[in-house]
């Protein structure tokens with residue numbers, strides 16, 4: 001009922017407020033009225049009492065309005081402010097006590113501040129700078145105009161205008177102006193450069209420093225740079241800040257005090273690495289000190305951060321022009337020196353000079369060396385660079401810049417490699433071994449690399465990059481035979497580019513190095529740093545996470561991941577992980593730690609004969625070959641052969657943690673849990689924080705039904721790396737099994753005894769202690785040789801429970817796919833809700849899994865429940881990789897799908913029609 005249903009026919013008038021007809025203030029009208037807004041107006045009029053006080057009618061209106069609109073604002077009632085009478089005695093005593101204690105604390109704080117002001121600031125009055133007054137203004141010719149002329153000047157004759165020289169008079173005016181603008185700086189000597197901050201709080205120091213800095217800014221803007229330096233110095237003495245150092249550096253540049261400005265810039269970069277203003281100002285000081293290469297580096301870093309910085313672009317062009325001019329001049333001088341060296345053939349220091357000559361990149365002659373030097377250097381012609389982490393080798397202050405040490409042998413910055421690679425490198429180097437002194441020549445890749453290492457250590461990164469580029473050019477024709485050596489050279493050149501600020505060049509070289517040697521730690525780290533410098537935080541995060549898969553104990557990568565995760569959270573919100581590119585899974589074959597027996601042998605037996613070196617190289621080669629064969633066997637799921645390969649590796653070197661963890665993985669795949677646990681124990685003795693060892697030992701304990709120990713190890717894994725989702729899922733599974741074991745211990749024991757007897761009959765004495773009842777799904781999923789380990793008549797079937805998440809479903813379906821068990825797969829589909837199928841499959845839909853699902857639906861499920869088959873086919877088409885899978889299946893598999901749809905069409909059912917089947921066939925591109 002609305003207001004239009006009751007027109008004002010009786011003429012009783014309307015209310016003053018809202019103009020409501022009087023007859024609407026009635027029980028019957030209010031009871032039938034459904035207009036909430038009108039009822040609110042009526043209630044407002046009744047409460048105001050302008051038409052009389054009707055408590056029952058008001059209450060009735062409130063109840064009716066509450067029934068129609070419980071959230072109506074008109075139902076709210078004003079509540080008076082609480083007083084002491086509103087509380088109990090205990091409550092009021094507590095409130096009153098809190099207020100009194102707060103008042104007393106505030107008074108104490110005020111007294112402290114007052115006492116501090118009266119005690120501290122009088123002592124500082126002597127140290128404060130003078131108040132600016134008339135005496136600090138510019139003295140514009142005060143003495144010249146202070147005295148009155150005693151006699152009036154007589155007017156000049158008109159003839160004197162003929163002698164008037166306009167140019168001279170203009171010159172006098174200019175000189176007079178310069179004299180007038182001389183600033184009186186006598187007051188600067190009275191200002192002390194330091195402020196006494198004894199007894200001041202941090203807030204007061206900050207206030208004083210800010211005030212002095214603002215004074216310096218005023219002086220700088222007025223052109224008085226000396227006064228600006230003075231006030232900036234006072235600000236720094238009160239509280240050193242990046243802004244004050246930066247401003248003082250700019251003022252020093254204006255005064256052309258290059259050394260002071262350089263020191264201030266260095267201080268800024270210590271406090272805030274990567275500060276753009278400091279880099280730009282340090283580049284200016286480098287330019288005026290004729291340190292052009294250093295200026296180029298700083299300007300490149302500025303342009304990487306701010307590509308549109310016009311001042312940096314202009315300065316860089318000037319520096320590059322000066323650098324080209326200086327290089328042209330130095331080349332002319334060098335050529336003259338080389339002519340002198342070539343003329344003197346029998347000088348005593350010929351060897352040293354010719355060595356310098358070839359290091360400079362010119363000349364055709366080689367330095368005279370003993371005949372054995374080339375043979376001694378041959379095994380390490382293209383050795384590996386020393387295995388130092390980027391954070392340690394390149395962190396800290398920049399090394400002192402200077403000329404590289406001359407006359408170094410190729411071993412100075414390189415590890416040893418196999419003779420086969422050495423010979424390949426020598427062949428690629430253009431016959432470096434063809435001359436007696438081919439160990440250090442410019443055509444020798446090892447010599448170029450050694451020179452590059454020395455230049456890098458001395459801080460000459462551009463020259464080092466040139467040497468590495470020359471070595472790469474010599475080795476590239478050799479092809480994949482020396483891929484590892486080329487990868488090292490690309491990685492070294494990437495380090496040079498990273499130091500120079502050429503991040504794009506660094507990324508390109510790291511990509512090339514990773515193509516030649518996948519999952520190499522140094523290129524991954526350097527590429528991550530370059531991405532982070534370019535503010536491509538997502539790509540940097542992925543690279544750091546990949547590095548942590550190789551070595552989880554690397555502190556540099558851990559810190560970077562934590563820092564980047566916070567940045568990405570701020571940029572992309574809580575769902576930032578969804579925007580990342582997928583993190584590549586590092587194969588189990590990639591070792592956690594690098595081992596270099598040849599390097600150890602050289603460090604211990606530096607003076608041994610070449611036969612000992614050859615033995616170390618042979619051991620390393622054998623070890624590496626066996627490990628790679630074992631890794632390949634793991635990739636092929638041939639775990640027994642991989643087991644023997646890793647065991648052979650441990651005979652050569654039993655201190656390699658990665659071999660123990662890899663062999664433990666093989667034992668887990670073969671369900672030899674006790675042996676897997678022992679290998680994990682050995683790995684943890686070598687590296688007590690190894691995540692893989694803890695995780696695999698937890699799986700071994702789970703297989704041995706030691707759920708409590710498995711729980712402890714999984715908690716350690718999550719503590720070391722909370723991002724491992726598999727560990728969290730395993731933790732949930734083990735917790736569930738532990739609770740189940742506590743509840744049904746007698747039944748579990750009977751079941752266990754019965755299954756042990758079956759295992760002894762079927763599998764003999766190979767695995768006497770294997771508990772098959774609680775075999776981990778990971779073991780079943782990854783066991784490719786399932787058919788070979790069981791006889792075809794084996795009656796044991798895989799126990800299948802309803803999966804709760806994608807991980808459990810994936811483990812079960814992988815195990816079924818390995819066993820080709822269509823009946824069990826049909827049972828799994830029967831207990832799985834079709835709508836959950838896309839979520840469970842996730843992005844793991846593979847060809848063999850897809851074929852197994854289709855075969856199970858066709859052979860085992862269509863006769864029992866056609867509607868369930870239709871639902872599964874419908875939701876299977878919504879899986880992530882479904883469209884891609886359709887492009888990869890064979891013609892025979894397509895015919896199998898067509899037969900399934902034909903059987904589905906021939907089966908009558910009320911849950912779907914022929915049109916539905918035809919539409920679904922179009923989804924399957926049939």
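Our numbering is plain: 1 for the first residue shown, then up by one each step along the chain.
Glycine is treated like the rest: Cβ placed from N, Cα and C.
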Test of record reading: of 146, 189, 347, 611, which one does Swiss-Prot tag as phosphoserine? 347
Take the repeat 'TPR 2' (244-275) and find every residue of the same chain, 6 or more past its ends, with a Cβ under 8 Å from one of its Cβ atoms. 209, 213, 216-217, 220, 225-226, 228-229, 232-233, 235-236, 281-282, 284-286, 288-289, 301, 305
For the repeat 'TPR 5' (487-520), find every same-chain residue at least 6 residues outside the stretch whose CB is under 8 Å from a CB in it, and list them. 296-297, 300-301, 303-304, 384-385, 390, 394, 449, 452-453, 456, 461-462, 464-465, 468-469, 471-472, 475, 526-527, 529-531, 533-534, 546, 550, 584, 586-587, 590
Helix-strand-coil residue split for the repeat 'TPR 6' (522-554), DSSP-based: 26 helix, 0 strand, 7 coil
How does the model score the repeat 'TPR 6' (522-554) in terms of mean pLDDT? 89
